[in-house]
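Chemist: Pasting a structure here, questions to come.
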Amino acid sequence: MSDKSEKLSVLSLTQIVAAFGLSMCAFSIGNAAAYTSPALPSMTNKNVTSFSVSTQEASWVGGIMPLAGLVGGILGGPLIMYVGRKMTAMLSFVPFFIGWTLIAFASSVAMVLVGRGLSGFAVGVASLALPVYLSEAIHPLIRGILGLMPTLIGNFGMLSCFIIGYFANWSPLAIISGLLCIPFLVLLFFVPESPRWYLTKGKPEKAESALTRLRRKNTNVADEFKEMTKRLADEAEGSNTCKDIFQKKYFKPVSIAVALMIFQQLSGISAVIFYTVMIFNMSDSSVDSYLSTIIVGTVNFMASLLAIFNIDHAGRKVLLIISALSMIITLFVLSAFFYCKSREMNLDGVGWVPLVCLVIYVLGFSMGFGPIPWLMMGEILPSRIRAPAASLVVGCNWGFTFIVTKTFQDLIVPETKNKSLEQIEEELTGGSGK
């Protein structure tokens, strides 16, 4: 039997529905991550917004989401252990919807910040539950393909936010984002809980029933279920506490998962996604900043689609190396462009450089360092420590996301040439003057 035929032989409708349902949750994650890019320009516009938003407050609108995601990622560990993988993802709907509602009808910056905080908490919880469920429920032969579906749909969520944000300001955009959370809640009602989770709770009958639902009709799951039960029984010997993740035998898988997440965020991707429109405005690109953002989002989505078909052929390590090299080269060229711009060199003929650089940068990221850390987290973490270790890994991801997004605006060096002291002060303090 060929590799393709073998994969088709284990593919089932329930696994597709499960992957798609969780991917619609990832759609909401992508939407929340991309929101500030099209929303902040209109939110900080005094002609659009009834309340004032300073530069520092705007940076917190972007930064508070990953900070809350850090909290959600940590607290999500106990949730997926005691409530279940699927149920944890479903529960994330509540803070998602309340958060978007607060943002949509905000009458002050405080309401926006609370809303972004709730959305960020939901993002942290959901981003932990998704890869753990998929790694446990999807058949190993198709885990690479279906396991990357959340990344694909999540990037489509970003693209959708960019496109809607082109036509709508921050408030209607928040309303639409809240409504788009509903599909994943509905779809997950038709998906069984993780069989492995049922086994950890001493419910073998429910575990076998869930596994049967997840596999193709008339498939004999006896051997797979027996192997799953034996593996969990071996791993359950001895204590099973959060401190187990620091045992020497688990050092390698945990450190690899953590390192991949740290490298992912130190690539600067979150700053690019959160502030795409602002970056293009700063570069004085010859292409409209909102249109450029949509182009970047489209490339991000298409690259994720390519990654799905290449992940099991090229291998994880090769794609990570290609991804890293492409990001290094494009960021170097982009930094050279901004340096030349700061030196007031004539860049009229190369105004397209920022767009091309970010397109290639996002293409490289989405082919490797975007999806693979999340996929490998579910693959390499041992079952016995998967919940607490995944919580640590996701917490590291959102912690570094916060550092990158919050400090982005703070680290921008202001141009003081030919400006009065009053103008410089207004730019640096957000015009508060108090």
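Residue 1 is the first one shown; counting continues down the chain.
Glycine is no exception: its Cβ is also placed from the backbone N, Cα and C atoms.
What TrEMBL shows for this protein is this:
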{"type": "DOMAIN", "residues": "14-434", "note": "domain 'Major facilitator superfamily (MFS) profile'"}
{"type": "TRANSMEM", "residues": "58-83", "note": "transmembrane segment"}
{"type": "TRANSMEM", "residues": "90-111", "note": "transmembrane segment"}
{"type": "TRANSMEM", "residues": "117-134", "note": "transmembrane segment"}
{"type": "TRANSMEM", "residues": "146-167", "note": "transmembrane segment"}
{"type": "TRANSMEM", "residues": "173-191", "note": "transmembrane segment"}
{"type": "TRANSMEM", "residues": "256-278", "note": "transmembrane segment"}
{"type": "TRANSMEM", "residues": "290-311", "note": "transmembrane segment"}
{"type": "TRANSMEM", "residues": "318-339", "note": "transmembrane segment"}
{"type": "TRANSMEM", "residues": "351-376", "note": "transmembrane segment"}
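Help me picture these features in the structure, burial and contacts included.
Modeler: Averaged across the domain 'Major facilitator superfamily (MFS) profile' (14-434), pLDDT in this predicted model comes to 87.
Panel annotation: around the transmembrane segment (173-191), residues 14, 17-18, 20-22, 24-25, 27-28, 31-32, 35, 38-39, 86, 89-90, 93, 96-97, 100-101, 103-104, 115, 157, 160-161, 164-165 of the same chain, lying at least six beyond its termini, place a Cβ under 8 Å from a Cβ of the stretch.
If you look at the transmembrane segment (256-278), the same-chain residues 6 or more away from its ends with a CB under 8 A from one of its CBs are 33-34, 36-38, 40-41, 62, 66, 158, 162, 289-290, 292-293, 296-297, 320, 324, 327, 331, 358, 361-362, 365, 369-370, 372-373, 376-377, 380-381, 389-390, 392-394, 396-397, 400-401, 403-405, 408-409.
Using a Cβ-Cβ cut-off under 8 Å and counting only residues 6 or more beyond its ends in the same chain, the transmembrane segment (290-311) has close neighbours at 34, 37-38, 144-145, 148-149, 151-152, 155-156, 158-159, 161-163, 165-166, 272, 276-277, 280, 319, 354-355, 358-359, 362-368, 370-372, 375.
Proximity of distant same-chain residues to the transmembrane segment (318-339), defined by a Cβ-Cβ separation under 8 Å and at least 6 residues beyond the stretch ends, is recorded for 260, 263, 267-268, 282-283, 307, 310-311, 347, 350, 353-354, 357-358, 360-361, 363-365, 367-370, 372.
Long-range neighbours of the transmembrane segment (351-376) within the same chain, counting only residues 6 or more positions beyond its ends whose Cβ lies under 8 Å from a Cβ of the stretch, are 127, 130-131, 144, 147-148, 150-151, 155, 256-257, 260-261, 263-264, 267, 269, 272, 276, 279-280, 283-287, 292, 295-296, 299-301, 303-304, 306-307, 310-311, 316, 319-327, 329-331, 333-334, 337, 397.
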Chemist: Using a Cβ cut-off of under 8 Å, list the residues of the same chain at least 6 residues beyond the transmembrane segment (146-167) that approach it.
Modeler: 15-16, 19-20, 22-31, 33-35, 37-39, 130-131, 134-135, 138, 173, 176-177, 180, 273, 276, 290-291, 293-294, 296-298, 300-301, 304-305, 307-308, 311, 366, 370-371, 374-375, 378
Chemist: Looking only at residues six or more beyond either end of the transmembrane segment (90-111), which have a C-beta under 8 A from one in the stretch?
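Modeler: Beyond its ends, the transmembrane segment (90-111) has Cβ neighbours at 25, 28, 32, 50-53, 57, 61, 79, 83, 117-123, 125-126, 129, 170-172, 174-175, 177-178, 181-182, 184-185, 188-189.
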